[in-house]
Amino acid sequence: MVGFLRALTAASAVPAAAAVAAVALSTNSSSSSRLRLPSPASLPSLSSAYAAAPASGSARKPNAVPPMAAAAATADLSAAADKGAALPELMTEFMVDMKCDGCVTAVKNKFQTLEGIKNIEVDLNNQVVRVLGSLPVNTMLDTLHQTGRDARLIGQGNPNDFLVSAAVAEFKGPVIFGVVRLAQVNMELAIVEATFSGLSPGKHGWSINEFGDLTRGAESTGKVYNPSDYRSNKPLGDLGTLEAGEKGEAQFSASKEKLKVVDLIGRSIALYATEDRSDPGIAAAVIARSAGVGENYKKLCTCDGVTIWESS
(Lines of atoms letter the chains of each structure in order from A and count residues from 1; the text may use other names and numbers.)
(Lines give C-alpha, C1' and ligand atoms only; values in the text may rest on other atoms or scores of the structure.)
Protein backbone atom coordinates (compact mmCIF):
# COMPACT_ATOMS: atom_id res chain seq x y z
CA MET A 1 0.00 0.00 0.00
CA VAL A 2 2.80 2.40 0.94
CA GLY A 3 4.56 1.64 -2.35
CA PHE A 4 1.38 2.34 -4.28
CA LEU A 5 0.96 5.79 -2.61
CA ARG A 6 4.59 6.72 -3.39
CA ALA A 7 4.11 5.81 -7.03
CA LEU A 8 0.90 7.83 -7.20
CA THR A 9 2.57 10.88 -5.62
CA ALA A 10 5.50 10.69 -8.01
CA ALA A 11 3.20 10.37 -11.01
CA SER A 12 1.17 13.46 -10.01
CA ALA A 13 4.34 15.47 -9.39
CA VAL A 14 5.51 15.07 -12.99
CA PRO A 15 2.75 17.24 -14.60
CA ALA A 16 3.14 19.85 -11.86
CA ALA A 17 6.88 20.05 -12.42
CA ALA A 18 6.30 20.27 -16.14
CA ALA A 19 3.83 23.12 -15.61
CA VAL A 20 6.29 25.00 -13.38
CA ALA A 21 9.03 24.49 -15.95
CA ALA A 22 6.76 25.77 -18.71
CA VAL A 23 5.94 28.91 -16.72
CA ALA A 24 9.61 29.48 -15.95
CA LEU A 25 10.51 28.97 -19.59
CA SER A 26 7.81 31.45 -20.66
CA THR A 27 9.05 34.00 -18.12
CA ASN A 28 12.66 33.61 -19.22
CA SER A 29 11.63 33.91 -22.85
CA SER A 30 9.68 37.09 -22.10
CA SER A 31 12.59 38.56 -20.15
CA SER A 32 14.96 37.62 -22.91
CA SER A 33 12.84 39.35 -25.54
CA ARG A 34 12.69 42.51 -23.38
CA LEU A 35 16.44 42.48 -23.04
CA ARG A 36 16.80 42.36 -26.80
CA LEU A 37 14.97 45.68 -27.20
CA PRO A 38 17.31 48.54 -28.12
CA SER A 39 18.61 50.42 -25.15
CA PRO A 40 18.24 54.23 -25.01
CA ALA A 41 21.94 54.57 -25.70
CA SER A 42 21.53 52.82 -29.07
CA LEU A 43 18.67 55.02 -30.24
CA PRO A 44 19.40 58.01 -32.53
CA SER A 45 20.48 61.09 -30.61
CA LEU A 46 18.76 64.46 -30.96
CA SER A 47 21.64 65.66 -33.10
CA SER A 48 20.76 63.07 -35.76
CA ALA A 49 16.98 62.84 -35.33
CA TYR A 50 15.25 65.92 -34.00
CA ALA A 51 12.26 64.66 -32.03
CA ALA A 52 9.35 67.06 -31.50
CA ALA A 53 8.83 68.22 -27.92
CA PRO A 54 6.00 70.14 -26.22
CA ALA A 55 6.07 73.89 -26.61
CA SER A 56 7.49 76.06 -23.87
CA GLY A 57 4.91 76.67 -21.18
CA SER A 58 3.00 73.42 -21.78
CA ALA A 59 2.11 71.02 -18.98
CA ARG A 60 4.84 68.58 -19.92
CA LYS A 61 8.41 69.53 -19.23
CA PRO A 62 11.09 68.61 -21.75
CA ASN A 63 13.23 65.68 -20.69
CA ALA A 64 16.44 66.67 -19.00
CA VAL A 65 19.48 66.27 -21.20
CA PRO A 66 22.24 63.98 -19.92
CA PRO A 67 25.37 66.02 -19.16
CA MET A 68 27.44 64.39 -21.89
CA ALA A 69 24.72 64.85 -24.51
CA ALA A 70 24.29 68.51 -23.62
CA ALA A 71 28.02 69.04 -23.67
CA ALA A 72 28.17 67.43 -27.10
CA ALA A 73 25.45 69.79 -28.31
CA THR A 74 27.55 72.77 -27.25
CA ALA A 75 30.60 71.29 -28.93
CA ASP A 76 28.60 70.66 -32.10
CA LEU A 77 27.71 74.35 -32.32
CA SER A 78 31.36 75.39 -32.43
CA ALA A 79 32.25 72.60 -34.84
CA ALA A 80 29.48 73.59 -37.23
CA ALA A 81 30.61 77.20 -37.14
CA ASP A 82 34.27 76.34 -37.72
CA LYS A 83 33.75 73.84 -40.52
CA GLY A 84 30.89 75.60 -42.31
CA ALA A 85 28.60 72.61 -41.82
CA ALA A 86 25.21 72.78 -43.50
CA LEU A 87 22.43 74.31 -41.43
CA PRO A 88 19.08 72.57 -40.93
CA GLU A 89 16.41 73.33 -43.53
CA LEU A 90 14.36 76.43 -42.75
CA MET A 91 11.85 78.63 -44.56
CA THR A 92 13.22 82.14 -45.14
CA GLU A 93 11.29 85.00 -46.70
CA PHE A 94 12.65 88.00 -48.59
CA MET A 95 11.09 91.05 -50.15
CA VAL A 96 12.67 91.54 -53.57
CA ASP A 97 12.28 94.49 -55.94
CA MET A 98 10.66 92.55 -58.81
CA LYS A 99 8.49 94.15 -61.50
CA CYS A 100 7.79 91.51 -64.16
CA ASP A 101 7.81 87.81 -65.01
CA GLY A 102 11.37 88.21 -66.25
CA CYS A 103 12.41 89.17 -62.71
CA VAL A 104 10.74 86.03 -61.37
CA THR A 105 12.57 83.83 -63.87
CA ALA A 106 15.93 85.47 -63.11
CA VAL A 107 15.53 84.93 -59.36
CA LYS A 108 14.44 81.29 -59.73
CA ASN A 109 17.23 80.47 -62.16
CA LYS A 110 19.84 82.00 -59.86
CA PHE A 111 18.74 79.96 -56.85
CA GLN A 112 18.54 76.74 -58.85
CA THR A 113 22.32 76.87 -59.32
CA LEU A 114 22.92 76.66 -55.55
CA GLU A 115 23.30 73.55 -53.43
CA GLY A 116 21.25 73.49 -50.25
CA ILE A 117 18.07 74.92 -51.82
CA LYS A 118 15.09 72.57 -51.63
CA ASN A 119 12.30 74.80 -52.89
CA ILE A 120 11.69 78.39 -53.98
CA GLU A 121 8.38 80.22 -54.32
CA VAL A 122 7.99 83.67 -55.88
CA ASP A 123 4.99 85.94 -55.29
CA LEU A 124 5.29 88.75 -57.84
CA ASN A 125 2.25 90.70 -56.62
CA ASN A 126 3.68 91.04 -53.10
CA GLN A 127 7.32 91.07 -54.31
CA VAL A 128 8.06 88.16 -51.98
CA VAL A 129 10.49 85.26 -52.41
CA ARG A 130 10.24 82.26 -50.06
CA VAL A 131 13.18 79.90 -49.91
CA LEU A 132 13.27 76.51 -48.18
CA GLY A 133 16.86 75.46 -47.72
CA SER A 134 19.93 75.18 -45.53
CA LEU A 135 22.01 78.16 -46.66
CA PRO A 136 22.86 81.11 -44.37
CA VAL A 137 20.76 84.26 -44.78
CA ASN A 138 23.73 86.32 -46.00
CA THR A 139 24.43 83.80 -48.78
CA MET A 140 20.84 84.01 -49.98
CA LEU A 141 20.83 87.81 -49.81
CA ASP A 142 24.04 87.94 -51.86
CA THR A 143 22.43 85.62 -54.41
CA LEU A 144 19.44 87.95 -54.76
CA HIS A 145 21.68 91.01 -55.09
CA GLN A 146 23.63 89.24 -57.85
CA THR A 147 20.45 89.35 -59.96
CA GLY A 148 20.68 93.15 -59.82
CA ARG A 149 17.72 93.58 -57.48
CA ASP A 150 17.31 95.03 -54.01
CA ALA A 151 16.32 92.49 -51.37
CA ARG A 152 15.50 92.52 -47.66
CA LEU A 153 14.99 89.69 -45.18
CA ILE A 154 11.42 89.92 -43.87
CA GLY A 155 10.77 86.60 -42.09
CA GLN A 156 12.11 83.25 -40.94
CA GLY A 157 10.72 80.09 -39.44
CA ASN A 158 7.10 78.99 -39.24
CA PRO A 159 4.80 81.08 -37.01
CA ASN A 160 2.09 78.41 -37.40
CA ASP A 161 4.25 76.02 -35.36
CA PHE A 162 5.69 78.41 -32.76
CA LEU A 163 4.47 81.43 -30.83
CA VAL A 164 7.78 83.09 -31.63
CA SER A 165 9.76 81.57 -34.48
CA ALA A 166 12.45 84.22 -34.99
CA ALA A 167 14.37 86.87 -33.06
CA VAL A 168 17.07 89.45 -33.76
CA ALA A 169 19.67 91.47 -31.86
CA GLU A 170 21.16 94.54 -33.55
CA PHE A 171 24.48 96.13 -32.60
CA LYS A 172 24.33 99.78 -33.72
CA GLY A 173 27.79 101.12 -32.90
CA PRO A 174 29.41 103.54 -32.49
CA VAL A 175 32.34 101.11 -32.81
CA ILE A 176 30.88 97.63 -33.18
CA PHE A 177 28.10 97.00 -35.67
CA GLY A 178 26.34 93.74 -36.31
CA VAL A 179 23.21 91.65 -36.36
CA VAL A 180 22.44 88.29 -34.76
CA ARG A 181 19.48 86.28 -36.02
CA LEU A 182 17.91 83.34 -34.20
CA ALA A 183 15.32 81.07 -35.83
CA GLN A 184 13.46 78.07 -34.43
CA VAL A 185 13.72 74.93 -36.57
CA ASN A 186 11.85 72.67 -34.15
CA MET A 187 11.39 72.56 -30.39
CA GLU A 188 14.79 70.92 -29.96
CA LEU A 189 16.83 73.06 -32.33
CA ALA A 190 17.47 76.69 -33.29
CA ILE A 191 19.73 78.37 -35.81
CA VAL A 192 22.11 81.17 -34.81
CA GLU A 193 23.55 83.45 -37.50
CA ALA A 194 25.66 86.55 -36.94
CA THR A 195 27.64 89.19 -38.81
CA PHE A 196 29.88 91.74 -37.08
CA SER A 197 32.25 94.56 -37.99
CA GLY A 198 34.40 96.86 -35.88
CA LEU A 199 35.95 94.12 -33.75
CA SER A 200 39.62 93.96 -32.92
CA PRO A 201 41.33 91.11 -34.84
CA GLY A 202 41.40 87.81 -32.98
CA LYS A 203 39.04 85.66 -30.94
CA HIS A 204 36.17 87.06 -28.90
CA GLY A 205 33.87 85.26 -26.52
CA TRP A 206 30.14 85.89 -26.88
CA SER A 207 27.02 84.66 -25.18
CA ILE A 208 23.32 85.00 -24.59
CA ASN A 209 23.02 86.68 -21.19
CA GLU A 210 20.20 86.69 -18.63
CA PHE A 211 19.05 90.30 -18.85
CA GLY A 212 18.42 92.99 -21.44
CA ASP A 213 19.67 95.77 -19.16
CA LEU A 214 22.15 97.84 -21.19
CA THR A 215 22.61 100.70 -18.71
CA ARG A 216 26.26 99.70 -18.28
CA GLY A 217 26.63 97.88 -21.57
CA ALA A 218 27.46 94.18 -21.45
CA GLU A 219 28.45 94.49 -17.79
CA SER A 220 24.82 94.90 -16.67
CA THR A 221 23.40 91.99 -18.68
CA GLY A 222 23.97 89.43 -15.94
CA LYS A 223 25.30 85.90 -16.19
CA VAL A 224 25.26 83.63 -19.20
CA TYR A 225 21.71 82.38 -19.78
CA ASN A 226 21.18 78.84 -18.51
CA PRO A 227 17.70 77.38 -17.82
CA SER A 228 17.34 75.34 -14.64
CA ASP A 229 16.55 72.09 -16.48
CA TYR A 230 19.63 72.25 -18.72
CA ARG A 231 22.40 69.89 -17.64
CA SER A 232 25.85 70.54 -19.06
CA ASN A 233 29.32 71.68 -18.08
CA LYS A 234 28.64 74.84 -20.14
CA PRO A 235 25.60 77.13 -19.94
CA LEU A 236 23.09 76.90 -22.78
CA GLY A 237 23.72 80.55 -23.66
CA ASP A 238 27.44 80.00 -24.25
CA LEU A 239 27.92 80.66 -27.98
CA GLY A 240 31.63 79.85 -28.03
CA THR A 241 33.95 82.23 -29.87
CA LEU A 242 33.94 84.61 -32.81
CA GLU A 243 37.13 85.07 -34.79
CA ALA A 244 37.54 88.49 -36.35
CA GLY A 245 39.86 88.93 -39.32
CA GLU A 246 42.31 91.75 -39.99
CA LYS A 247 39.45 94.05 -41.01
CA GLY A 248 37.60 93.39 -37.76
CA GLU A 249 34.81 91.42 -39.42
CA ALA A 250 33.37 88.14 -38.18
CA GLN A 251 30.59 85.82 -39.32
CA PHE A 252 28.93 82.90 -37.60
CA SER A 253 26.37 80.28 -38.69
CA ALA A 254 25.47 77.22 -36.63
CA SER A 255 22.61 75.30 -35.08
CA LYS A 256 22.24 74.88 -31.34
CA GLU A 257 20.24 72.19 -29.59
CA LYS A 258 17.80 72.87 -26.74
CA LEU A 259 17.68 76.60 -27.53
CA LYS A 260 14.12 78.00 -27.56
CA VAL A 261 13.79 81.40 -29.21
CA VAL A 262 10.63 82.28 -27.30
CA ASP A 263 12.58 82.10 -24.02
CA LEU A 264 15.23 84.55 -25.25
CA ILE A 265 13.08 87.61 -25.95
CA GLY A 266 14.15 90.50 -23.70
CA ARG A 267 17.51 88.95 -22.87
CA SER A 268 20.71 90.08 -24.56
CA ILE A 269 23.70 89.00 -26.59
CA ALA A 270 27.03 90.22 -25.27
CA LEU A 271 30.46 90.42 -26.89
CA TYR A 272 33.74 90.29 -25.00
CA ALA A 273 37.27 91.45 -25.71
CA THR A 274 38.71 88.12 -24.60
CA GLU A 275 37.94 84.56 -25.62
CA ASP A 276 37.23 83.45 -22.03
CA ARG A 277 34.86 86.40 -21.32
CA SER A 278 36.96 87.48 -18.34
CA ASP A 279 36.48 91.19 -19.15
CA PRO A 280 33.32 93.27 -18.51
CA GLY A 281 32.34 93.08 -22.19
CA ILE A 282 32.68 95.44 -25.15
CA ALA A 283 29.15 95.52 -26.61
CA ALA A 284 25.66 94.15 -26.08
CA ALA A 285 22.26 94.20 -27.76
CA VAL A 286 18.76 93.24 -26.63
CA ILE A 287 17.10 90.23 -28.28
CA ALA A 288 13.78 91.25 -29.82
CA ARG A 289 11.05 89.30 -31.55
CA SER A 290 11.41 89.19 -35.32
CA ALA A 291 8.79 88.47 -37.97
CA GLY A 292 8.09 84.92 -39.01
CA VAL A 293 7.22 83.85 -42.54
CA GLY A 294 4.04 85.57 -43.76
CA GLU A 295 4.00 88.13 -40.93
CA ASN A 296 5.66 91.15 -42.54
CA TYR A 297 4.69 92.36 -46.02
CA LYS A 298 4.92 96.04 -45.05
CA LYS A 299 6.78 98.18 -47.60
CA LEU A 300 6.35 101.57 -45.93
CA CYS A 301 7.13 102.50 -42.34
CA THR A 302 4.20 104.58 -41.05
CA CYS A 303 6.35 106.22 -38.38
CA ASP A 304 8.85 107.95 -40.69
CA GLY A 305 7.65 107.28 -44.24
CA VAL A 306 10.78 105.32 -45.17
CA THR A 307 10.26 102.52 -47.70
CA ILE A 308 11.81 99.09 -47.26
CA TRP A 309 14.26 99.82 -50.08
CA GLU A 310 15.48 103.00 -48.35
CA SER A 311 16.04 101.32 -44.99
CA SER A 312 19.44 100.00 -44.02
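Including glycine, each Cβ sits where the backbone N, Cα and C put it.
Positions annotated as transit peptide by Swiss-Prot: 1-78.
For 89-152, the entry in Swiss-Prot reads domain 'HMA'.
Cys100 (Cu cation 1 binding site) carries neither a helix nor a strand DSSP state and counts as coil. In sequence order, Leu124 are the residues of the chain that are 6 or more apart from Cys100 (Cu cation 1 binding site) and have a CB within less than 8 Å of its CB. As annotated by Swiss-Prot, Cu cation 1 binding site applies to Cys100, Cys103.
What Swiss-Prot records for Cys301, Cys303 is Cu cation 2 binding site.
Remark: Cys103 (Cu cation 1 binding site) has Val96, Leu124, Thr147, Arg149 as non-local neighbours, by Cβ distance under 8 Å and separation of at least 6 in sequence. Broken down by DSSP into helix, strand and coil, the domain 'HMA' (89-152) contains 20 helix, 22 strand, 22 coil.
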